[in-house]
Amino acid sequence: MSSNMATYLLIFSFLLAGVKGDYDSNVPTKTNGLHTIDIVEDVKNTTSGPVGVNPTITLTNALLLIIGFGIFSVAVAFTFNLVRKKVYHDDQNVDTAFDAGGNVSIGLTATTIVSQWTWSATLLQSSTVASKYGISGPFWYGAGATIQILMFASLSIQLKTKAPGAKTFLQVIRARFGKPAHVVFCVFACLTNLVVMISLLLAGSSVMTSLVQDLSLELTCMILAAVLGSYTLIGGLGATFYVSYFNTTLIFCMVILLVIEVYYNPSGRENNPLGNVDIIYQYLNQTVGPEGNKENSYLTFLSSGGAMFGVINIIGNFGTVFCDQSYWQSSVAAKPVQGVWGFIAGGLTWFAIPFTLATTMGLSYLALGTLRGGPLLSPVDVDKGLVPPVVAQVLLGSSGEYVLLMLNLMAVMSTGSAEVIAVASIIVYDIYQIYVLPFRKNCDMKSCVLCNLPLPVVMDDCEETLKENGNGNGNGHAEKYVCDCPPVISCEQCTKDNLKIKEVTEINVTEQYTCSIHGKYRQYQDKLLSIKNWIILWLTLATIPLILFCVGVGLNLGWVFWFTGVLIGCTVVPIALSVTWSRLTSKGMISGVVTGCACGLIAWLAMASTYPGGLGDFLKNTGQELAMFVGNCVSIGVGGGVCIIVSLITNNRKTHDARTEWEKTRNIENPLYPWSLKYAHEFTTISRPSQEKMTQIFKRAKYIAIGFGLVLTAAIIIIWPSIMISIGVLNVTQFRMWTQLSQVWAFIAAIFIITVPLIQEIYGIVHRVKKNRNNERSRETEQNGGTQLNGHAHNVDDTKRDTDSMI
């Protein structure tokens, strides 16, 4: 074992140093020219046998492994709750369940993006397209899903500066466009989460049933539901952040393990007929690729099928990012600057997973097929995403199967929990709190939910208060008919309520809130917290019949993956414009998504009907590449075009005012804990900053997000492919460099994602503990005769101290 570890470290150091020399001497012979071909007959026996993946992991071992992961995840969830309770003192705040405190670090944001974007499809479908199109497949899978994360960084800061108190992107739509648009986009948001869950569970159940002996589909569904629900129910979004870190760490470690075993075989496994880049190249060079590839080679970027997949992937993933509440949730959980860098770092780090893993496993599958004299899987099994499992089984035996099982389980856990939390947040904030049981009926977005009086409008550098009719007293003080409800931290009665709650906790009696201003709303928030738990429970249980139905009707991972853009591509432009363009109208939003979705579905079905069998052979013909390509393009194109055109026509230029429009979104907040409290550091005050101040202080981060997004997007989908296309078919030296690039990217990404989040989180907790101690000393000093502060003389330090003491 120690010698193997030494070999791993040696290879790692070579990669980081950019060594380009001949590293073949570290691998057992079978490396040069004709010698490689001569050993084919010697190793054919290692890959011969029935087509498909043979389940060899016993059900007992699999259950023990899954239970172990479940217990570990629950322990992490309890740890998060303990940290929030003992260090941050906000464990009883319903918002904490959905924003993890609202001050998540760059590293933890990045690792969460990587984790929740690493679907089972990332591990499986990426290798599937590699087996179909060659080297272009892994690249287009990674690139086609990375640019959305990079570009989402700019939307993240737009949301955090224009609607700092929002917990869902749907709240912004309701504030700006009213109930009809809100209802329509709630439907599309839920459809997005539904499609993502279907993709996730189809892939997860497929791998588990193929690797584990005697594991039924029904038991698989129950296992996945139990794992998903356990720690999500306990810890909320924060638990998913913490668990995501461990999941991402293990995923990268296992990806690197597979890379080293496939390309270097340091342990000298006799059943690994590859173990060298040159050998893989030799087999790939002998393999006849698809007709759309240049010279029918898998070693070229000139692939019509690969390019078509790239377009479909790009369009579909724009929908699954922009319309998926889980990514907006990650934005909500971080400050504006941390969110920008978190998304950029997360996107570049995530790219390494499909790019490296699919280049390794997908191309190895093709090489093993040539060695065997035929494919290892049937086309149906390939579409199910079983390429990585069969390669791991052939090359690594049972250890490879366990690696794939753990990879799959972690992907299901991280992404699945994020989706459950996303749907729960939509139900709590956008359905239950608005339409089912609102705290105050007929209270519009311009009024305070506590007192039902109009909210103040903060002008630049002054405290003048305006109402919609323009009445302000002009002397810097709000008139009596404008809301002046204080936050909880400035309320003496709430402080007394909190002390009572602490006292009765030991005897398990619920103390009622007595504060006349906040008491009833705090009870309402407690009710939402309880409802949140039930929602998570029922959503988790709903995954069982969902996956059974999808398998029963014959859906496969590839079909669902490609269909995503047809269904929700129409939402991309309207959602992006909802936080960036003040002239967007409700009619434009609704007409854009409805028309785009309808036209996309019609174009998709029309193209599918032209194939033999028409729509009678539904799944086969609607799953054709060209049909999916047309449907995706029409959906996003028509949806965006109609949205913009209708908005330009229906927007009233005479009455339009950008300030008024964005003031609507600034009024989204929890009145108990106003969003201005979280920005006390930046603005040195607890008062709500003006739009101009918000824009000014975060202007640099906004430009960074836009600049990095555009430059990196152009580099990834234009410059890089153009260079590769100009090369044509790779020779052995170029193929070595290509595989080495994927490996180096994975190693650097692993170092970043394993070390940075851990260091930042530990630093943040230690820093907060020290601050809490200082606050306690300050209170003791005041109680012993220090200066007494009233609720209207809070400075920034007082605000932080009082916020820390709230529970």
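Using the three backbone atoms N, Cα and C, a Cβ is placed for every residue, glycine included.
TrEMBL labels come from automatic prediction, so no person has curated them.
As recorded in TrEMBL, the features of this protein are as follows:
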type     : residues : note
SIGNAL   : 1-21     : signal peptide
TRANSMEM : 62-84    : transmembrane segment
TRANSMEM : 139-159  : transmembrane segment
TRANSMEM : 180-203  : transmembrane segment
TRANSMEM : 215-234  : transmembrane segment
TRANSMEM : 241-264  : transmembrane segment
TRANSMEM : 340-368  : transmembrane segment
TRANSMEM : 402-432  : transmembrane segment
TRANSMEM : 534-555  : transmembrane segment
TRANSMEM : 561-581  : transmembrane segment
TRANSMEM : 588-606  : transmembrane segment
TRANSMEM : 626-649  : transmembrane segment
TRANSMEM : 703-732  : transmembrane segment
REGION   : 773-807  : region 'Disordered'
COMPBIAS : 773-782  : compositional bias 'Basic and acidic residues'
COMPBIAS : 794-807  : compositional bias 'Basic and acidic residues'
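Of the Cβ pairs linking the transmembrane segment (139-159) with the transmembrane segment (241-264) and spaced 6 or more residues apart, fewer than 3 are under 8 Å, so the two regions do not touch. Only sequence-distant pairs (6 or more apart) were considered; of these, fewer than three Cβ pairs between the transmembrane segment (703-732) and the transmembrane segment (534-555) are under 8 A, so the stretches are not in contact. Same-chain residues lying 6 or more positions outside the transmembrane segment (402-432) and placing a CB less than 8 Å from one of its CB atoms are 57, 62, 65-66, 69, 73, 94, 97-98, 112, 115-120, 122-124, 167-168, 170-171, 174, 182, 186, 189-190, 193, 196-197, 200-201, 203-204, 207-208, 211-212, 224, 227-229, 231-232, 236-237, 239-240, 243-244, 247-248, 250-251, 254-255, 257-258, 324-326, 329, 388-389, 392, 396, 528, 531-532, 535-536, 539-540, 543.
Contact counts against the transmembrane segment (588-606), taken as Cβ pairs under 8 Å, peak for 626-649 among the stretches 180-203, 340-368, 534-555, 561-581, 626-649. Sequence-distant contacts of the transmembrane segment (340-368), counting only residues of its own chain at least 6 positions beyond either end whose CB sits under 8 Å from a CB of the stretch, comprise 47, 104-114, 117-118, 122-123, 126-131, 134-135, 137-139, 141-143, 145-147, 149-150, 152-154, 156-157, 251-252, 255, 258-259, 262-263, 273-274, 279-280, 283-284, 287, 298, 330-331, 334, 376-377, 387-388, 390-392, 394-395, 701-702, 704-705, 708-709, 712, 716, 738-739, 742-743, 745-746, 748-750, 752-753. Across the candidate stretches 215-234, 534-555, 561-581, the maximum count of CB pairs under 8 A to the transmembrane segment (626-649) is reached by 561-581. Of the candidate ranges 180-203, 215-234, 561-581, 215-234 has the most C-beta pairs within less than 8 angstroms of the transmembrane segment (534-555).
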